[in-house]
2 protein chains.
Amino acid sequence: MTRVVAQGTFDILHPGHVHYLQDAADMGDELHVIVARSVNVTHKEPPVVPDEQRREMVAALKPVDQAHLGHPEDIFVPIERIEPDIIALGYDQHHDDEQLEAALSARGIDCDIRRASPLEAEAADRLLSTGRIIDRIVDERSE
Amino acid sequence: MTRVVAQGTFDILHPGHVHYLQDAADMGDELHVIVARSVNVTHKEPPVVPDEQRREMVAALKPVDQAHLGHPEDIFVPIERIEPDIIALGYDQHHDDEQLEAALSARGIDCDIRRASPLEAEAADRLLSTGRIIDRIVDERSE
């Protein structure tokens, strides 16, 4: 049984999220997703959708076996609990794979780090990402 | 084999959609969802997310077996093709059940019409619906 962990903010769901999670699920037998809490999203604008609603929506997606909220102080706590064999990063997630590997080792967590594939070009072109959905709403619905 | 059809706009997915689709799926063995094309959404603001992306996201949800885009001119065409045993309406969808039943009969479509249950009160209170997500984006992200 190969257990895979994926993680992200998953603010307003779009096909890029589904592609990432399907790719992650295909790496093993059981996919757990860690959904970042709003308080821990510091590298971009905080999500629009509340923590528990984002967790619930990720859990409703076909590739996902279980969705968990992240730990507010220590990102490694849910990983220690889930004990994954593989951590699947999104192709564009800004993590330094080697640094992450070292941090996991230091915590005694032994798992592979892999990258999901990007969406194919045609799908990426027509994708309305969370950011583009928000921009469109601001453009069309604001007075 | 009981085939169920659900339908809606499904603009920005939220737990109310998942509840409706799970309820519909529980009425039978196979759930088909008809996703309204933007050109046919005339009773409220047009959706933000394009037709095909909305269809793709509905298809990614666990309760859904197949998601179809509606017919641009004749809403009964996909229903004739799917041949459902049950049409499951959302608890708050503005359809007159008897009028719909008569229209289906006139087209020779023989199926039951049922209503999905509402979300329980506590879940409904904390729900960020498509409209509330859009309002929040307009409030927080517009200059």
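Just so you know, glycine gets a Cβ as well, placed from its N, Cα and C.
Annotated ATP binding site per TrEMBL: A:T9, A:F10, A:H14, A:P15, A:G16, A:H17, A:D92, in sequence order. All protein chains shown were included, and the count of other CB atoms within 10 Å of the CB of A:T9 (ATP binding site) stands at 21.
Taking the domain 'Cytidyltransferase-like' (A:6-133) as a whole, pLDDT averages 93 in the prediction. Here TrEMBL flags A:6-133 as domain 'Cytidyltransferase-like'.
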Env. residues of ATP site, Cβ within 8 Å of mean position of A:T9, A:F10, A:H14, A:P15, A:G16, A:H17, A:D92 Cβ: A:G8, A:L13, A:V18, A:H19, A:Y20, A:G90, A:S129, A:T130
Among A:F10, A:H14, A:P15, A:G16, A:H17, A:D92 (the binding-site residues), residues with Cβ under 8 Å to chain B, listed in sequence order: A:H14, A:P15
